[in-house]
Amino acid sequence: MSGKELNKIVAAILFASLIAMMVGFIANILYKPVLEPKHRGYSIAVQEVSEAPTTQAQAPINIPELMKTANADNGREIAKKCLMCHSLDKDGPNKIGPHLWDVAGRPKASITDYKYSPALSALGGNWDDDSLFAFLHKPSSYAPGTKMSFAGISKPQDIADVILFLKTYVHDK
């Protein structure tokens, strides 16, 4: 290969590169891309829900009356969702939550081999009907900062049924 032929090949490569660059510059001039969007993503209209009390005052819940009409069999059905995280066996293992054997009347945060959240450990007192009712209704309101991620049981009669069911798992049995 002679020097002339080599020069022609190099010139052809340089000319092709120059043409490619010119096409790129012209394309950028003709088609200006939008680099920064005005808003990122999509806006979704969401209705705000406030936790403020409604204008209608709710009647206080009479827990002793609910306990009189409580049904342990119904409580057993409702409590099945508890068994994913809790055990009902006497001296049963702790799962995600502590075992619930003899929970009614027991001091709060009293299972020694379970690590309770500081929120629940600080409460003190025993698990009576009122405290169990409040905790089962909405654990995060009763003990803000609790590890229990359960949303709660909304129907008061269902809560009373679960409490009566839990009372069947006591030290006398």
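Cβ atoms here come from the backbone N, Cα and C positions, even for glycine.
A quick note: this is a predicted structure, and the numbers were derived from the prediction, not measured.
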Of MET21, MET148, residue recorded by Swiss-Prot at the heme c site of CYS82, CYS85, HIS86: MET148
Number of helical, extended and coil residues in the topological domain 'Periplasmic' (30-173), per DSSP: 48 helix, 2 strand, 94 coil
Cα-Cα distance maximum in Å, computed over every pair in CYS82, CYS85, HIS86, MET148 that the record assigns to heme c: 11
CB-centroid shell, 8 A cutoff, heme c site CYS82, CYS85, HIS86, MET148, site residues removed: LEU83, MET84, LYS95, ILE96, GLY97, LEU100, PHE150
Cβ neighbour count (within 10 Å, all chains shown) around CYS82 (heme c binding site): 18
Cβ atoms near MET148 (heme c binding site) (within 10 Å, other residues, all chains): 19
